[in-house]
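> The annotation region 'Disordered' is assigned in TrEMBL to 1-21, 500-527. Look at TrEMBL and you will find 117-322, 121-170 tagged as domain 'RING-type'. For 500-510, the entry in TrEMBL reads compositional bias 'Polar residues'. Feature annotation from TrEMBL assigns domain 'RanBP2-type' to 538-567, 564-593.
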Amino acid sequence: MDSIYDDDMIDDTTYDDDDDDIETERDINGIEDKNCIILNQDYIRQLQEEDITEVSTLLSVSRASACILLLHNKWSVTAVNESWFADEEKVRMTVGLLKKSMMTDDHDSFPNSNKQSKTTCGICFDDYPQSKLYDAGCDHPFCSSCWEGYVSTSIHDGSGCLMLRCPEHKCGAAVDQDLVNTFVSQEEDKEKYSNHLFKSYVEDNRRIKWCPAPGCDNAVKYIGDFENYDVSCNCECGFCWNCTQEAHSPVDCDTVSNWILKNKDESENVNWILVNSKPCPKCKRPIQKNEGCNHMTCKCGFHFCWLCLSTTKDHYACNGFEVKYKSEVQDESEKRKQMAQKLLEKYTHYWERWATNEKSMGKAKEDLQVMKTVYIKRLTNNQCQLELELGFIIEAWKQIIECRRVLKWTYAYGYYLPEHEHTKRQFFEYLQGEAETGLERLHHCAEKDLEVHLKAEGPSHDFQEFRTKLVNLTVVTGKYFEKLVQALQGGLADVNSLGGTSRRAGSSKGSKAGYKDKGGRGKGITSKSNSTGLDLGVLGLWSCEYCTYTNEESETVCEMCNKQRGSWSCEHCTYVNDNSGNVCNMCSEQRAT
C-alpha cells in the first residue's frame, strides 16, 4: 500500500500560465491520485500575487487595474491576455478601466480647472473647491466623505465591493483598490476589502474550491479530467469537488442529491421504524451495536449478523433485496397498499444498510484516532516493535474507512438501479456481496484479531502471522473495491441482459453475462454460482481462490494478485499456497475442503 505523505508537505508542482496544465501527484487514503493539489492560505496568497504581477507587467497597467481585469476573468491570466490583445478598448469599456488617471499624486482631479472655484458633490450636494473633489477617472466629482461612506458601505455588504463602480448613475468607471485604500480611513474596512479580494481568488476560480471541513482553511485545486471528482484535503476530509458533498464514488452527484433529498422526506423517513437496538434471534434480548463490524455476539453466546439477524455460521452475504409478496391481488386498493408496502420495505432495506455503513465508517474514524494516539504506543511496548513497523495497522484502518464509504454509496446505487435490468442487478448484488464479505473480514481482523496482541503482556509468537494476514487482507480488499468502483462508474454497461433472474448465464448460446472490461477480462465475480445462478465455467472464466478476481480461461496467472491458478488461501492465516499440497506452509493447518 502507498503511504500518505506528511500533512505539512507541499506537493512539488509546476505551474504554467494555463491553469489546466498543472501536474502533481498525491496519495488519497493510501491510493495514488493525480487530480488535485492542496493549497494553504499562504500559498494561495503567493499564487494570487504572482498572477497580479504577471498581468501588471505584461499589460503595463497598475496592480489595482490588474486586479480588476483578473476579477472580471475569474482569475484566469490566459483569458485576460487573450481578450486584452484582441481588443484593448473593448476590454477597458467592459471592466471600467478608463485611460485617464484616477487621481494625480497631489489629489488634483481637475488639473485644467480653477481650483478655487466650487463644484457641487454629486451625493451630498454641498459645494467644495475642485481640489477637494475626486473622481474615478470619469469626471464625476464627489467629496471624500461621500466616497468613504459609499465604499465602506459596499465593503460591509460583501464581496460586491470588488466590482464597485462610480456612484454616478449609469457610469461604468471601476473603483479599484487604490481608490478604496485612499478614502477608507478604518483599517478594519481595508482588511475586509483585502479578505474579499483574497477569497475571490478561490471562490471565483473554476478549478479551486475551499475544503468544506469545519475549521479547515485549505483550498483544493482540481487538475483532473472531470471524470473522477473525489478529492481529499490534508485534513483527511474527502469530498466531491463537483458538488462539495462527501466523496461518493461510485455514484454520481445527481444520485447523491436525490438520495439525500429522499432521506429528508418525512413521508419516507424510517427513523421511527428502525431503532438503535435489535432483539437477539435466540434469546430476544435487545442488543445495541457499539463496534464497527456486523458480527454480533449476545450474552447468551449466540453469534449473528446485525443486518439480517441470521446466524454467522455459514453466513455469506445479505446485501440483496428480495421481494416477499405474492403476485395475486384482490382489488386495486389492495394492490396499491401492497405496492406502497413494497416500496417502503425496499427503501428501508437500502437505507438501513446505507446508514449502518455510515455509522461503521464514523466508528472506524474514531478507532483510527485511538489507534494513532494510544494503541500504537502500546504495541511498540508489548510487541517490541518500532512505530514505523506498525504502519500497516494504520493503513488497514484507512482502507477500512475508504471501503466503508464506497460500500455505503453502493446501496444508494442499488436503490436507483432499474428493476427491469434483472441480470445487471444480479451482478451488482453479487459484486456488492463479495465486497461486503471481504470488508467484514478485513474489519474483523483489524478490530478483533488485534485485541489479542493489545492485551498481551509480552511479544506474541504469532504477531508476524497477524501482520501477514492483515497486510494481505488490506491489499486484496483495496484492489477489489477499486475494481468495484470502476465497474459501477461504468454503469456495468457490458452486462448482457438475459431477460430474467431465473435464467442461468449459460442458457443462451454464445452469451456471456458478466462485467467485462475493454480487454475482455472479467472483474470482481467469483465461481460461487449458488448465490447468483452464475456459472463461470460456462462463461470461459475462472476465479482466483486468493483474491476472487475473475480471469479469462486462457490465463494461468491471476491478473489482480499474480498468484498461480490453483493456488489456495489458508483460512487460518490467509497465506497463499501452491496447488501441490493440502497443508499450509505457514501455519501447518489442513486445507479446508
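Cβ coordinates come from backbone N, Cα and C, glycine included.
Looking at the shown structure, what environment does each listed feature sit in?
Averaged across the domain 'RING-type' (117-322), pLDDT for the predicted model comes to 84.
Remark: secondary structure over the domain 'RING-type' (121-170) totals 22 helix, 8 strand, 20 coil, with classes taken from DSSP.
For the domain 'RanBP2-type' (564-593), DSSP puts the residue distribution at 0 helix, 7 strand, 23 coil.
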